[in-house]
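Taken from Swiss-Prot as is:
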- S8, R50, H51, S83, A84, T200: phosphate binding site (BINDING)
- M199, N223, P224, A225: substrate binding site (BINDING)
- E181: site 'Important for substrate specificity' (SITE)
- S235: site 'Important for substrate specificity' (SITE)
Amino acid sequence: MLGIIGGSGLYNLPGIKVKEEVQVKTPFGEPSSPVVIAEVEGKKVAFLARHGRGHEYPPHLVPYRANLWALREVGVKRVLGISAVGGINELLMPGDFVVIHDYLDFTKTRRSTYYEGKFSVKVEGEDKVAKLLREGKVVHVDMSEAYCPEMRKVLIQILKEKNFRFHPKGVYACTEGPRFETPSEIKMLKLLGADVVGMTGYPEVALARELTMCYASLCVVANPAAGIAGYRLTSNEVIQLMKRKEEEIKEVVLKFIKELPEIRSCDCEKSLEGAEV
């Protein structure tokens, strides 16, 4: 099953049939929202609001571990994360889609792994994840190809067919937030190779990898980053841009649900092979 993490507006996809709403209790706390299980074109899909339905969770306090675990509990094997970002690369314009291929992590206070050695939370189950946690193993997952190539390929093809302005690659720099970045920080990120900057892309991608899930990130450039814009940044600007792009986002997501193959042909599910110490 596919899981989608984004805004609650995605629950209103054309043709969606909501089947149930599940309040999942996880060993890592409460997720930021109930998981909505729906059916689209005969396929089951799980939706989760990253910041909560009323946007109650700032980026540094989103319960990322609980969110990914909750999706795992309802049977999700693939996750599509949707988010707004600031543009660092001058080729990026407000409203552009970006299919992320790599990231830089500049977060500070977030719990970004399930595998904490002897301090790991012990869980029930006979799968590899549960066994590693019960045994208190230290795990180092490979992030050479952090985002699922199969999911990225489908997203890129859809964006081409829709003729939406998009970029097939992009490096996402994740900062702690909730404040916006300074112009000097953006200069630094640009020198390090970042194309976009956001506050929620990490640790979602790494946690999904630790759970052997596929993960892809579809970003929308909401505004130029600090120092590039030449004006004061506001949250309202981001909100208004995302509202204008809402229908296009829904079009992409709906087609993605339809066209994503049922059976995985990538290596994401092998992420724990050789990873334990």
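The backbone N, Cα and C atoms fix where each Cβ goes, glycine too.
The highest number of surrounding Cβ atoms within 10 Å, among the recorded positions S83, N223, S235, is found at S83. Checked against R50 (phosphate binding site), the recorded positions N223, P224, S235 differ in C-alpha distance, with S235 being the nearest. Separation of the C-alpha atoms of A84 (phosphate binding site) and N223 (substrate binding site): 9 Å, rounded to the nearest whole number. Shown in sequence order, G86, G87, L92, P94, G230 are the residues of the chain, 6+ apart in sequence, with a C-beta less than 8 angstroms from the C-beta of P224 (substrate binding site). For A225 (substrate binding site), the same-chain residues 6+ apart in sequence whose C-beta sits under 8 angstroms from its C-beta are G86, G87, I88, E181, I186, L189, V196, V197. The binding-site residues A84, M199 differ in how many other CB atoms lie within 10 Å of their CB, and the one with the most is M199.
Cβ neighbour count for H51 (phosphate binding site) (all protein chains, 10 Å cutoff from its Cβ): 19. The binding residues for substrate are recorded as M199, N223, P224, A225; their greatest pairwise CA distance is 15 Å. Within the same chain, residues at least six positions away from T200 (phosphate binding site) with a Cβ under 8 Å of its Cβ are R50, P59, V62, G81, S83, C174.
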